[in-house]
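Colleague: For reference, TrEMBL lists these features for the protein:
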- 20-38: transmembrane segment (TRANSMEM)
- 49-485: domain 'Major facilitator superfamily (MFS) profile' (DOMAIN)
- 50-71: transmembrane segment (TRANSMEM)
- 115-134: transmembrane segment (TRANSMEM)
- 140-165: transmembrane segment (TRANSMEM)
- 204-222: transmembrane segment (TRANSMEM)
- 234-251: transmembrane segment (TRANSMEM)
- 257-276: transmembrane segment (TRANSMEM)
- 297-325: transmembrane segment (TRANSMEM)
- 331-350: transmembrane segment (TRANSMEM)
- 386-405: transmembrane segment (TRANSMEM)
- 417-447: transmembrane segment (TRANSMEM)
- 459-482: transmembrane segment (TRANSMEM)
Amino acid sequence: MGFYGPLYPIYGDVPCYYGFHVMSFIKFHIIAFIEFIYMRIMEDSRSYALLMAILASFLTPFVASSINVALPSLGSDLGMDPFILAWVPTIYLLAVAVLLIPMGRLADIYGRRRVFQFGIIIFTVSSIFAGFSISAEMLLLLRVIQGVGGAMIFSNVSAIIYSVFPPFERGYALGWAATGTYFGLFFGPTLGGFLTQYFGWRSIFYFNVPLGVICAYATGRIVSEWREAEDEEFDLLGAFLMALSLIFVLVGFSSIIFYYGFLLFVVGIFLLYFLYRYECGCESPLFDFELFENRSFTWNGFTTFISYFAGYPVVFLLSLYLQYFHSLDPWRTGVILSIQAFLIALVSPVAGKFSDRMSPRIIAAVGLLVIILAMLIFSFSRFLCWIIIGLVFMGVGFGFFSVSNSKLVMGSVERKFWGVASATLVTFRVLGQLIGMGLIVLLVNVYLGGGSVANNGSFRALMIVSFILFVLLLVVGLVLTLKAK
């Protein structure tokens, strides 16, 4: 053995140092180096994916909420009457709602990163041209195009997070995406009002451009692509039928007290049934209705719908209540109502971290319980301090619920359905918001008719009935969350 003794045992004809084969030693370090480089790239991808998710989640709700503040200025500048003016925010939300699932399916087939990046580009470019609008028709067309981009973005945020991040970090990343969303809602009215007052309504659209460019750059730095359904075809007829049926249902429901609204709603329901029959016989369906046989996906998705159905009209009801019954001016009302969005933004990353370390079902259930408590406070409390406490509970409750619920829905399906699942989750939210507000409009007509809100006991009765209804629905959602396994 010579001088080195047992430290240089011989395996075959190749010497080994300290018991390690030379070639194995070299191979080990090469693999370690490659793994190190790969991990650095993936860490960079995760960092850029998180930046992308936060910015994208901020952009779309910011535009949706800030444009409402600019409507009077915008309408005056372009000569729009109140009816046409109401379509400026509505037509964008409608375009997003009807295209979410088709865009999610498109992403599963052609690549989530690619579809998302095209969405950012479409959203940003349409924002530039919207700022140059010279007529109501031009602005409404560009709002539809913005909605197309928004659907491509929103349908893929959760799917990309699930694709990039490992299981033990997904809740945390979803939490930060939720923070972006609610900061967009929080800053939309205030920053939108500031921009409109000092730079004009067009500046709201220009504000999107640098954020959109940064988001597109961050998306481009993500090295991977995910197209688990690339061998399947995109169902164009199914996409058309889904968009048409949802347009009829949503527009019809908003005017269901009129005969034409009821007719549109019935036709929309019929088209949805026809879509279901068509998709069940399609080789490559736009939406695999067998997903609804998955109890966890269906029940948690329905709970998403319930929570946004109940939560979205709260701001509308409390805005009227605070201004007409507590004589608060619009600015103070806005500050008080913004408490909810601000707390959701703060709580969401914490809730996401908890959902990574313990059962997200428990976190979601706790969130729903806190929301139910807030609804009960709104139902029976007339003092301003209790309304503020209720908004604090709403913010904390939604922060815990929304992130954990997203994780439950996304985690209940196979990887190849992540795009469709992400899009379906957002569709449940949007449909809940639109149908919830539609119901409140109907109740306003029933309780108030053409009467004023000011010091009207009927409005207080409307609030109690609405919040008790929301409590009952949320209890159903709580049961579904706990039993969906």
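Cβ from N, Cα, C; glycine included.
Caution: TrEMBL annotation is automatic and unverified by curators.
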Colleague: Give the one range among 204-222, 234-251, 297-325, 331-350, 459-482 whose Cβ atoms make the most pairs under 8 Å with those of the transmembrane segment (50-71).
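Modeller: Counting Cβ pairs under 8 Å, the winner is 204-222.
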Colleague: Looking only at residues six or more beyond either end of the transmembrane segment (297-325), which have a C-beta under 8 A from one in the stretch?
Modeller: 291, 332-333, 336-337, 340, 364, 368, 371, 375, 378, 382, 384, 387, 391, 394, 398, 401-402, 405, 408-409, 412-413, 421, 424-425, 428-433, 435-437, 439-440, 453-456, 459-460, 462-463, 466, 470, 473-474, 476-477, 480-481, 483-484
Colleague: Considering only Cβ pairs under 8 Å, which range in 257-276, 331-350, 417-447 makes the most contacts with the transmembrane segment (386-405)?
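Modeller: Stretch with maximum Cβ contacts: 331-350.
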Colleague: Which whole number is the mean pLDDT over the domain 'Major facilitator superfamily (MFS) profile' (49-485)?
Modeller: 86
